[in-house]
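The structure under discussion appears below in the form of structure tokens.
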Ligand code: DX5
Ligand code: ZN
């Protein structure tokens, strides 16, 4: 069964502690924490102090998605502030292997992310070193965008690569996941689902969790 990570970007920041309790009660597998720097993506979200608050508010695994330039400079800070898993965009650094290594040396799980315009071939050399691959199914920067179905071709390619090379990484999808698109993502081979605006607009998080996890 796939794991579900609701994206806190769509949560009620004024009542984050209540949101975190509700997510734990709902049985989600972890929370997805989106960090945007206004450089790598045209939006600014939250950073270390908010991560620290989330860490104090939950025991759920925290999956930090870094949409920032120079991620290698900051990964240890995010680990120190409570990240259990960190993913970095291959487009954001010429030193992806070294950044992945830094994350693992810091004791967190390491993921590599590809934008809709980036081919799988770009990350092939790193696949043996990562714990998960995040395939963006929207262009990063904003919640509430329309799912780009074509990106699922990359999920299929990765699932096949995983099988033929006997590798063990998870495949995460992020962007536009809702009750309709989730089926396609799962069929393509996704093992981790991020969901923001759809999930947090549901009146019953437990029901939404069961629905999306299938
Ligand atoms: C987009 C973020 C996503 C976003 C997903 O840049 O990486 O995690 O919160 O939100 P939805 O599910 O609304 O597309
Ligand atoms: Zn994200």
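One is the number of the first residue shown, and numbering goes on along the chain from there.
Using the three backbone atoms N, Cα and C, a Cβ is placed for every residue, glycine included.
Please treat TrEMBL annotations as automatic predictions, because they have not gone through curation.
The substrate site recorded in TrEMBL comprises 65, 141, 142, 143, 144, 174, 175, 176, 196, 197 together with one of 7, 98, namely 7.
Under DSSP, residue 32 (divalent metal cation binding site) is assigned to a strand (E or B) in the three-state scheme. Nearest Cα neighbour of residue 65 (divalent metal cation binding site) among the listed recorded positions (7, 34, 174, 176): 34. Cα distances from residue 141 (substrate binding site) to the recorded positions 32, 34, 174 are smallest for 34.
For residue 32 (divalent metal cation binding site), the nearest neighbour among the recorded positions 143, 174, 176, judged by Cα separation, is 174. Annotation for residue 143 (substrate binding site): same-chain Cβ neighbours under 8 Å, separated by at least 6 residues, are 7, 9, 10, 196, 197.
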